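Annotated features in Swiss-Prot:
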type     : residues      : note
TRANSMEM : 33-53         : transmembrane segment
TRANSMEM : 77-98         : transmembrane segment
BINDING  : His83         : heme b b562 binding site
BINDING  : His97, His196 : heme b b566 binding site
TRANSMEM : 113-133       : transmembrane segment
TRANSMEM : 178-198       : transmembrane segment
BINDING  : His201        : ubiquinone binding site
TRANSMEM : 226-246       : transmembrane segment
TRANSMEM : 288-308       : transmembrane segment
TRANSMEM : 320-340       : transmembrane segment
TRANSMEM : 347-367       : transmembrane segment
Amino acid sequence: MTNIRKTHPLMKIVNNAFIDLPTPSNISSWWNFGSLLGICLVLQILTGLFLAMHYSSDTTTAFSSVTHICRDVNYGWIIRYMHANGASMFFICLFMHVGRGLYYGSYNYLETWNIGVILLFTVMATAFVGYVLPWGQMSFWGATVITNLLSAIPYIGTNLVEWIWGGFSVDKATLTGFFAFPFILPFIIMALAMIHLLFLHETGSNNPTGIPSDTDKIPFHPYYTIKDILGALILILFLMLLVLFTPDLLGDPDNYTPANPLNTPPHIKPEWYFLFAYAILRSIPNKLGGVLALVLSILILILMPLLHMSKQRSMMFRPFSQCLFWILVADLLTLTWIGGQPVEHPFTIIGQLASILYFFIILVLMPITSMIENNLLKW
């Protein structure tokens, strides 16, 4: 008799995706981040759901309802901080996952990669609207500044901003709207993640060498399920260390001050995971130019398959490209640091140089280096 998991219509899908899935035998821990992102998503949906049960999306009570969750609700503080720090873990895993894709040439699976970029945009949008909900100073002013960027769009910009605000400033309608988005967006993310997996399983996983591994595949379970469980335990360990010892380490102290439209904080900045994009936005003096650079800093990922000039897929055997890749990582860390600094000398010029370098590495240096490496192969 055939095993039920191979015959039952629903279990067959699960079986083909997580149990009998043929997987390359040499994929490293860099391939763990997909499952970790799944865990983060489920964690965020669950903690978010429990927070929503006690949250009030009214400008007069939003801030105090979050305080109420932390003080009066059973284990409310741990749910709140797991949600806040879970977002940070989500983005750490996301950046590692995208970095892995860039390093090992996974972007050559076009459909999977493009859905992944759409997923990245959706997660960033969800994190942004979610950050507005506690209605602290940084929530309010972050919402005002970032939504106001849309006014740079010619002709329809101003109308678009007022439509998102639900009036002529960030107010009750904005908060209610922004409470509706983090409710629906995670489910859209879940659907996109399923499509992402569907496309991935059409081609099979890439591997560190970038060489087709059809001759050497092993079943996903038990080899990689046990590996994913270890990754999950490490993720939960780091998350709980953050939550239980330094829950406010990655937050902004200004967000413990209730939102006040009459008092602008001295330095408006988003959460740490948006700082690199914020630094690129600020490095351009023109409003529309800054917005375009901000969008392009992420959208540039779509171009990666077109910019791939190497005869080899992975960077495993390309030392010059490896060097460039790590310079790019250092540049992104520099941008993240600059995004959190005030707009003054020398931070402004460092931010501008780092922004130019970011685009220059991806659009110019990487393709040229790949072509040089191709020629070196002939020797």
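Positions of Cβ are set from backbone N, Cα and C atoms, glycine also.
Annotated features taken from Swiss-Prot, shown on the structure.
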residue	record	DSSP (3 states)
His83	heme b b562 binding site	helix
His97	heme b b566 binding site	helix
His196	heme b b566 binding site	helix
His201	ubiquinone binding site	helix
Review point. So what sits near His196 (heme b b566 binding site) in its own chain, CB-to-CB under 8 Å and at least six residues off in sequence?
Key: Thr112, Ile115, Gly116, Leu119
Check your understanding: Of all the binding-site residues given, His83, His97, His201, which has the fewest Cβ neighbours within 10 Å once its own Cβ is left out?
Key -> His201
**Study point:** Distant-in-sequence neighbours of the transmembrane segment (288-308), which means Cβ under 8 A and at least six residues beyond its ends
**Key:** 98, 102, 105, 107-108, 110, 113-114, 117, 120-121, 124, 149-150, 152-154, 276-278, 280-282, 355, 358-359, 362-363, 366-367, 370
Revision key, fill the gap. For the transmembrane segment (113-133), out of 178-198, 226-246, 320-340, 347-367, most C-beta pairs under 8 A are with 178-198
Check your understanding: Do any residues of this chain, six or more beyond the ends of the transmembrane segment (226-246), have a C-beta under 8 angstroms from a C-beta of it, and if so which?
Key -> 29, 32-33, 35-36, 39-40, 78, 81-82, 85-86, 88-89, 93
Study note, to complete from the structure: Rounded Cα distance in angstrom between His201 (ubiquinone binding site) and His97 (heme b b566 binding site) is 17
